[in-house]
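**Student:** Before anything else, here's the structure in question.
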Amino acid sequence: MSSDHSSFSIPHSSLATRRRRVALLGATGSIGENTLRVIAAHPDQLELVAVAAHSNWEKLAGIVEKFRVPHVALFDEKARAAAVSHSAFRTPHSAFLHAPGVDGLLSLAQLPEADTVLVAVVGTQGLHPALAAIEAGKTLALASKEILVLAGKFVMDAARRHNAKLIPVDSEHNAVFQCLAGRPADAAVRRVTLTASGGAFRDWPAERLASATPADALRHPNWAMGPKITVDCATLANKGLELIEAQILFGLRPEQCAAVLHPQSIVHALVEFTDGAMLAQLCPPSMTFPIQHALLHPARSAAGTEGALDLDRLLTLDFRPVDETRFPMLALAKQTMRTGGAAPAIYNAANEIAVAAFLENKLPFPGIPRTVEKTLAALAAEAARDPATLDTVLALDAEARRVAKNFL
C-alpha cells in the first residue's frame, strides 16, 4: 500500500458549518435501517438527500416520504415501474426517480448535493457506484466488504488518486480505524486482531454441522443482520472476508491479520504495537455505533446509538482461538491472502454461490467450504495472477461463479 494516506484523511472542516448530506445506497437492508436511525437522531447534523434499494419499492417509498428525500433509485426495473404510480414519486414536489440498474446507483453516487455516500449494497453491485463516489470526491462510507475483496487494489488506488476519504462501516474495520486514529498501519503496528462471535454454530459439536439447516444458521446469538452475512458468520467466511478487507484497507501483511473468538461481541478489534501495548475498541453489538462514527467523523454524539456499555454489569470478556479445522472458511481466506492476486475475488464469488445454494436447501452446510476450496483449486493459475484491469477482475468473478455452480 502506498505511503500516501489521503484515503483516510479527515472530512473537510467546512462541513461542520452545515448539515452533512448523505446518499444511502442500500436503504432497505439492515445497514440501511440502522443508518436511517442514526440520521433521524441527528436532524441538525445529517440530511438524507438520496436513497437506493434493489426492489423493495414500498419500503423505499415510506423512507422517501418520512425523510423527504429528493433523489431515489431502484435497481430492479420492474420494481421501478411499479413505484412510478406511488404518490412519493408522482406529485410535483415528489422525489426524482433515477434510472434503474447500475445507472441509477451511479447517478446517486455522483450527486452534487451529496457529501457522503454510504454504500451498503449486498454483493458486488456497489463496486462501480463506490468508484464513482470516489472519483466525484465524496467521502465514501463503505459497508459492503465484497467490494474491497473483489477489487481492493483499484478502489484504494482510486481513493489516493482522487484524494478521496474512505471510512469503513463494518464494525471490526471501523474499530481498527478508530484504534489507528484514522491512519493506515505503520511500522509501529505488529498485528491487527478482529473478533468473531462464532455465529450460530459456535457451541455446536462438529458432528452436528452436517445436518445444520438454513433456519439454524440464521439464528445469530448477538447480531441482527441479513441472511447472507448471517450464514457467513456461521461458517466464519465473514471473518475471512474481513481479514482480507483489513489487509487491503490498512496496508497490512497477511501475517499481521488475525482473528479470535469473542462470544460477547463487545470488543470489535484490537491493535497490537511493537512495544507489546494494545488498543481495543469496545461498544455494544449494534451497527448504529460504526455507522454513526462514519457519518459524523471526526465528531461524536450521544444521540443515535443504542446505549453505552455498563461496566458495573459487564463482568467478563472471553477470548479463545479459532479452530480452523472446524471453521475451514477462515483457513481458506488466509490461504487466499498469502496467494494474493485474484484469489480473494475467487473466494468471495464461490462463497456467494455456495451460500445462496445452502439458503435454498440445495447444498448442505459443510458443502459451502468444499465448494469454495474446489473452485480455488480449479482456478489456481488465474488466482495467482494480479488482474491488470477492473474488467479482468469482473470477468474472473463471473468465471468463478460459473465454476462454483458446477461443484454444487
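Residue 1 is the first one shown; counting continues down the chain.
Cβ coordinates come from backbone N, Cα and C, glycine included.
Remember, TrEMBL labels are computer predictions, not curated facts.
As listed in TrEMBL for this protein:
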| type | residues | note |
| --- | --- | --- |
| DOMAIN | 22-152 | domain '1-deoxy-D-xylulose 5-phosphate reductoisomerase N-terminal' |
| BINDING | T28, G29, S30, I31, N56, E146, G226 | NADPH binding site |
| BINDING | K145, S171, E172, S197, H220, N238, K239, E242 | 1-deoxy-D-xylulose 5-phosphate binding site |
| DOMAIN | 166-250 | domain '1-deoxy-D-xylulose 5-phosphate reductoisomerase C-terminal' |
| BINDING | D170, E172, E242 | Mn(2+) binding site |
| DOMAIN | 282-402 | domain 'DXP reductoisomerase C-terminal' |
**Student:** Would you count the other CB atoms within 10 A of the CB of E172 (1-deoxy-D-xylulose 5-phosphate binding site), including those on all shown protein chains?
**Tutor:** 26
**Student:** Just to confirm my parser: what is the rounded mean pLDDT across the domain '1-deoxy-D-xylulose 5-phosphate reductoisomerase C-terminal' (166-250)?
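**Tutor:** A mean pLDDT of 93 is what the predicted model shows over the domain '1-deoxy-D-xylulose 5-phosphate reductoisomerase C-terminal' (166-250).
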**Student:** How many Å lie between the Cα of T28 (NADPH binding site) and the Cα of K145 (1-deoxy-D-xylulose 5-phosphate binding site)?
**Tutor:** 18
**Student:** Would you give the longest CA-CA distance, in whole angstrom, between residues of K145, S171, E172, S197, H220, N238, K239, E242, the set recorded as binding 1-deoxy-D-xylulose 5-phosphate?
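**Tutor:** Looking at K145, S171, E172, S197, H220, N238, K239, E242 as a set, their Cα atoms extend up to 19 Å apart.
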**Student:** For the binding-site residues S30, S171, S197, which one has the sparsest Cβ surroundings, going by other Cβ atoms within 10 Å?
**Tutor:** S30
**Student:** Far apart in sequence but close in space: which same-chain residues, 6 or more away, have a Cβ under 8 Å from N238 (1-deoxy-D-xylulose 5-phosphate binding site)?
**Tutor:** A196, G199, I229, D232
**Student:** Can you tell which of the binding-site residues S30, I31, N56, D170 lies nearest to H220 (1-deoxy-D-xylulose 5-phosphate binding site) in space, using Cα positions?
**Tutor:** S30
**Student:** Counting all other Cβ atoms within 10 Å across every protein chain shown, which of the binding-site residues T28, N56 scores highest?
**Tutor:** T28
**Student:** Which value in Å gives the longest Cα to Cα span across the NADPH site residues T28, G29, S30, I31, N56, E146, G226 as recorded?
**Tutor:** 22
**Student:** Just the number: how many Å between the Cα atoms of S197 (1-deoxy-D-xylulose 5-phosphate binding site) and G226 (NADPH binding site)?
**Tutor:** 16
**Student:** Going by C-alpha distance, which of the binding-site residues G29, I31, N56, E146, G226 is nearest to S171 (1-deoxy-D-xylulose 5-phosphate binding site)?
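**Tutor:** Spatially nearest to S171 (1-deoxy-D-xylulose 5-phosphate binding site) by Cα position is I31.
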**Student:** What does DSSP say about S171 (1-deoxy-D-xylulose 5-phosphate binding site): helix, strand or coil?
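**Tutor:** For S171 (1-deoxy-D-xylulose 5-phosphate binding site) - judged by DSSP and reduced to three states - the answer is helix.
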**Student:** Return only the integer: C-alpha distance in Å from D170 (Mn(2+) binding site) to K145 (1-deoxy-D-xylulose 5-phosphate binding site).
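**Tutor:** K145 (1-deoxy-D-xylulose 5-phosphate binding site) has its Cα 8 Å from the Cα of D170 (Mn(2+) binding site).
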